[in-house]
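Visitor: The structure's right below; bear with me while I get my questions together.
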């Protein structure tokens, strides 16, 4: 008797289910979740929910076969969904991913998905499927701020029941936590607790769209590392190389560090900053070479590279540990051989590469921009992606020897996790003749260069010689040297005048004698140089030779007056000459000297 009664109860529950518009009607096959085993993995900063669902076709008055079924997301978590995948239990995962398409349900809010079954379900038949969902940023730190020595606790809120548009006959839920330290958790159905596990259920005869808040507050010191923004640039060359560069903005999205940071305590105490991030590992393709890792300052030498058989493991250690709320930025780049990723048949090319690659375990990428730079001349570009991505208008990129630019595919996606590490395929056409464009440009450039050099060396660009002009230039050069030497000689006189004045004040005869000796030596040298230049002017046939000769004679008179002034000063100091007489004589000497200097200036102006 119990089985018919339970069956009648479930049929009554099905009467309240609203089918999907367009995909189901009042004659939609009656489905039921016969058994659901749900696992909620909260051991990292992600919430991974896996449900093993035994889906049954009740049959009854309906004889139609079920070709698809509906999935619903919990209203509290639907906005943070990063990944949804459905597979048939017990079959090869790679070949058995079911087609999932988002849809709407009339009269119901929230997000719903239609899952296409691999084989139509007959009345009375069953099928076991595995529903995998991954949610990001649903574990909230509580308290939101902690000191360096405190541990991190988080709160998660979900649903005790499997949220579904179908009634569920029996269901259980196992919650896997990051530690055994649990502050509190909801007690619906007297759950059992063992170490870091919470087991709920079984819950029986659960109506469709049932909700009951599940909440747990527990210790979670796993790295709450989030890539807030990432730009991945892939540059393809048909000459055998693919260059990859990733610009990454990182942030610790756990509990914000409260108070100061002590590096001394951090190094001394193993449990200091237990929720901080010292380093993480990035897995690069096995063929990666010429790997570099740098930030705004420059190359970061604390990174380590380990080459394995199937990958290249890179340990990235930022310049400082990351605590809650702290950010950093870095760039990783490497080269790949194109023969492993680029395929062609004639002018048809296909590039098969990952849309996003591994950055760290349990990665979360809030915003990703991928730029694929194709060779110049690539046309008819199409993209095949395993999941939905957003395209921006194509751009152009210019580099060495480019003429009309390389096409750049720009694609965006938000909220990515490890499940998005899948290949995309870029199809395009490329005329192989264009591969000769750059070598021909180089050859043409060298040809033009050599031709220009040949023409240049065969042309005569020399200026016709003018003997008269050359003579004038030589005379001008000699005259310039004469002017310089005359000015130096006049400077000697001024310097000697200062020596005489110092002598009159100090009455030190050695100062005067030293000044006379210096004057005689330097004056003789300058006069000899001027005489040599005078002879060169005479050789050039210039009439300036006579003027220089006249200037030499005037200078001899100036020198004589300068020395006479010194003699008068000696007589004054020795008391052989009265001061009034000395002043009168000095006035006469200065007048004659000034007259001679004026004549010399006129000659210099004439030169």
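First residue shown is number 1, and so on along the chain.
Here the Cβ of each residue, glycine as well, is placed from N, Cα and C on the backbone.
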Visitor: Taking 435-455, 456-476, 477-497, 498-518 as the choices, which stretch does Swiss-Prot tie to transmembrane segment?
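Guide: Here Swiss-Prot associates transmembrane segment with the stretch 435-455.
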Visitor: Quickly, which of 220, 299 does Swiss-Prot have down as N-linked glycosylation site? Just give the residue.
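Guide: Swiss-Prot records N-linked glycosylation site at 299.
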Visitor: Averaging the per-residue pLDDT over the topological domain 'Cytoplasmic' (456-607), what integer do you get?
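Guide: Value for the topological domain 'Cytoplasmic' (456-607), mean pLDDT as a whole number: 82.
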Visitor: Under a criterion of Cβ-Cβ distance under 8 Å and sequence separation of at least 6, what residues of the same chain contact residue 299 (N-linked glycosylation site)?
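Guide: In sequence order, 292, 293 meet the Cβ cut-off.
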